[in-house]
Amino acid sequence: MTLMSSLNTLFPGQPPKFEPHITISSNIDVDLDHPDKTKSDVYRILSASLVAIDSLPKNHSNLVTLGKVDSQRKFFKKLYFQVARDPNLVSFATIIRELFVQLPADIEQENMKKNPHLYTTDSHGNTVKKKSKQSQDGRIEAIDMPRIQSEAQEQASLWSVTEFDPHLSLVYNDLHPIDSALWRTIKTRIQDYLNIDNCDSDDLTDNGLGWDNGILKLVLCEGDVNDWVVLGSADLH
């Protein structure tokens, strides 16, 4: 039995099983409507991500360093290890956020303003891009890419400071609050499995666990946790 499966038994219901991971960014822009485009998007994103991580300084051993165990009210942060805000990790997350979340969204917004004839409203009231044959008519006004790229970079940098919260989840659950008796049991389990004393100490910024390489995965996180789908993966070296 792993630590995570052991901790799951302490919580009510049946907490979902998932791989231990650190979320770099959510809302990655992938075309899910056309299988061929989905495949090419996934390949492009993972390839660019490998280039990005290879470009970071090779000045220390661990990209990921685990710290204290903590808990929040949120389902997805019920029980987790804090992760140190390593400069390389933050830089990598910022690059991914800029290229594959902020920039595509900003380009789309600008196109809606400059070229409204390219868009229509679907049956749910959402603004969507017309299919290619529907959007052939009308002049296309160019958008200011240098400005958009600069603004996307600024927004991603701001996100890395105000929102990026690296952590490694151990349990997903709705239980709140965690009482002192359960918390003591959690600490004992972690100590038994990982030999970490005082695992919830505020002074614990490095519990001795960490790594530099690993596997980068692009995951479709829709619906139940057990239904999440790995769209693609790449080894980090």
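Placement of Cβ uses the backbone N, Cα and C atoms for every residue, glycine included.
Residues annotated as active site, proton donor/acceptor in Swiss-Prot, with similarity to another entry given as evidence: His21 (among others). The Cβ neighbour count for His21 (active site, proton donor/acceptor), using a 10 Å radius over every protein chain in view, is 14. According to its DSSP assignment, His21 (active site, proton donor/acceptor) is coil.
Sequence annotations record features per position, and here Swiss-Prot assigns substrate binding site to Thr23, Ser169, Tyr172 based on similarity to another entry.
Annotated region 'Disordered' per Swiss-Prot: 117-137, in sequence order.
Swiss-Prot lists His167 (among others) with the feature active site, proton donor/acceptor. His167 (active site, proton donor/acceptor) counts 18 other C-beta atoms within 10 Å of its own C-beta, drawing on all protein chains shown.
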Using the CB centroid of Thr23, Ser169, Tyr172 as the substrate site centre, which other residues of the same chain sit with their CB within 8 A? Phe18, His21, Phe76, Lys77, Tyr80, His167, Leu168
The record lists Thr23, Ser169, Tyr172 as binding substrate. What's the largest Cα to Cα distance among them, in Å, rounded to a whole number? 14
Are there any residues in the same chain, six or more apart in sequence, whose C-beta is under 8 angstroms from the C-beta of Thr23 (substrate binding site), and if so which? Pro166
